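Novice: Have a look at this one before I ask anything.
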Amino acid sequence: RITILPHGSLRILNASKSDEGRYLCQGVNVFGSAEIIASVSVKEPTRIELTPKKVELTVGESIVLSCKALHDSTLDVTFYWTLNGRPIDFEKEGGHFESIKAQASSADLMIRSILLMHAGRYGCRVQTAADTVSDETELLVRGPPGPPGVVIVEEITDTTATLSWSPGADNHSPISLYNLQARSPFSLGWQTVKTVPDLISGDMESAMAVELNPWVEYEFRVVATNKIGTGDPSAPSRVIRTNEAVPKTPPANVSGKSGRRHELVIAWEPVSEEFQSGEGFGYIVAFRPNGTRGWKEKMVTSSDASKFIYRDESVPPLTPFEVKVGVYNNKGDGPFSPIVVICSAEGEPTAAPIDVKATSLSVSEILVAWKHIKESLGRPQGFEVDYWKDMQQEEAAEKVKTEGNESSILLTGLEGNTLYHLTVRAYNAAGYGPPSAAVHAATKKSPPSQAPGNIMWIQDGSHVSLGWEPVRPLANESDVMGYKVLFRQEGQSNSQVIETQKTSAVVLLPDVGVYIIEVCAVSEGGDGTASPQIRVPSFSGGKVTSAQSTLHVLSTSSSSVTFLLALMVPSTSW
């Protein structure tokens with residue numbers, strides 16, 4: 001058990017407490033001797049227990065691995081965690097791992113919201129100054145299947161495609177079924193397609209996609225499912241195009257539209273390219289007068305067409321026709337839409353409006369009114385008013401429309417003091433009727449540009465008596481018909497108005513506060529330029545007082561506004 005080795009070392013096997021002590025090693029030769037002393041301590045061996053020993057979990061679950069150490073009480077222990085032999089970096093694992101040390105001789109590993117990538121061998125290593133021991137446990141993680149292998153399109157017809165694939169990882173839960181998905185330029189992303197067989201079991205590696213549309217580009221992918229859930233899809237297959245076929249989808253919403261007299265206008269919703277089934281797609285328009293036998297058929301070669309116009313001078317307005325629209329392509333003729341009855345066009349209006357009148361309202365407005373003769377055909381959907389200045393040609397006329405049965409319109413934004421010529425005509429979807437005879441109206445002259453001047457006012461409590469010099473309009477301006485006094489409380493936007501034909505007025509200020517007062521001339525052309533604002537305080541709020549009054553003058557003879565205290569007089573003597 002105890003051996004001196006050839007190089008002088010001492011080996012002790014199966015050491016025990018009885019071997020503790022001080023050991024002396026002495027070397028002797030002809031020249032003398034030397035010695036060393038070594039102290040030996042014998043410690044209890046370290047043992048660990050890692051639980052649980054083998055665990056199966058499902059993606060998303062959490063677990064705690066517990067590592068306990070039995071060691072010599074005189075030694076400190078350190079715990080280390082590994083995954084598949086590599087140390088776990090707790091800071092770089094996205095919060096999935098946490099080391100918990102509740103006691104000096106034990107440590108736990110918390111794994112939260114486990115992922116497939118967390119499966120493997122977890123090791124706990126315990127290290128002391130005397131020895132190092134370790135243990136491992138295996139963690140198996142079940143999850144949804146991995147993506148299937150490459151999808152191969154093996155056979156294509158006009159409405160089917162046979163697909164095959166290789167299975168992906170089942171992630172420790174057998175694959176129960178597969179789902180086939182397709183995508184085309186006309187779909188909203190990936191869509192599940194019908195298959196043969198209807199349910200594709202997990203042991204199958206091929207199936208047929210059915211009820212596809214002819215002459216459409218598709219790509220396919222496969223998704224696997226097990227008890228845990230549905231996994232990621234496979235990579236898309238190559239893009240394929242199904243074969244051509246005779247079209248099966250007729251146009252929808254076949255109807256009649258307005259047109260000119262002697263026209264039959266047939267409209268429909270174009271068939272989407274998804275359902276055209278091949279090249280050379282077009283429409284067959286069939287129609288016949290109601291009650292007759294033979295169909296007239298016309299080919300429309302544009303796949304985008306949505307209307308066909310048949311014109312026949314012998315067809316009276318509003319003649320009923322039976323109509324149907326079919327489809328065709330290079331593979332043959334498809335079905336027709338259901339038969340509908342539509343009528344030939346009633347045509348555009350034939351009568352011009354009568355009693356057209358134009359009335360000038362202001363410098364920029366003319367009111368136009370008219371009457372219309374009711375017609376059995378060519379019923380108007382509205383009216384158009386054309387207007388142009390006296391020095392312009394009718395071709396330069398501006399146009400404005402009404403809708404429905406309106407019989408008047410207000411033209412705005414016109415030039416002042418200008419003669420306008422106006423015509424009115426009815427219109428509908430088929431076109432325009434004849435215009436009325438032209439009428440004439442001149443806009444009013446512009447309102448006076450001069451503001452009322454040298455405004456004087458005297459305040460008697462809440463009464464303010466105003467006076468001003470009359471406004472004298474220029475030759476190209478409207479005559480003065482009277483004046484407006486506008487007043488409002490400071491901070492308010494809406495003004496109260498007093499109208500007068502004199503050059504004076506009395507204003508009652510209803511509330512306590514400061515009031516803003518303005519004066520402007522009134523004319524046919526509208527309101528003239530307002531005077532500079534007057535600020536008048538009201539202290540009595542509508543109550544008449546016997547206080548003395550003060551005469552004020554607002555002079556507009558210079559560029560600045562000047563307030564003059566002119567005279568102190570009793571309120572009863574002015």
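The backbone N, Cα and C atoms fix where each Cβ goes, glycine too.
Sharing the features that TrEMBL gives for it:
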type	residues	note
DOMAIN	45-134	domain 'Ig-like'
DOMAIN	147-245	domain 'Fibronectin type-III'
DOMAIN	250-347	domain 'Fibronectin type-III'
DOMAIN	352-446	domain 'Fibronectin type-III'
Novice: Could you tell me how many residues in the domain 'Fibronectin type-III' (147-245) are helical, how many are strand and how many are coil under DSSP?
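Specialist: Looking at the domain 'Fibronectin type-III' (147-245) with DSSP, the answer is 0 helix, 41 strand, 58 coil.
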Novice: Please list the DSSP helix, strand and coil residue counts for the domain 'Ig-like' (45-134).
Specialist: 3 helix, 50 strand, 37 coil
Novice: Any idea what the model's mean pLDDT is for the domain 'Fibronectin type-III' (147-245)?
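Specialist: Taking every residue of the domain 'Fibronectin type-III' (147-245) together, the mean pLDDT is 96.
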Novice: Quick one: DSSP breakdown of the domain 'Fibronectin type-III' (352-446) into helix, strand and coil?
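Specialist: Summed by class, the stretch gives 3 helix, 46 strand, 46 coil.
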Novice: Report the DSSP secondary-structure composition of the domain 'Fibronectin type-III' (250-347) as helix, strand and coil residue counts.
Specialist: 3 helix, 50 strand, 45 coil
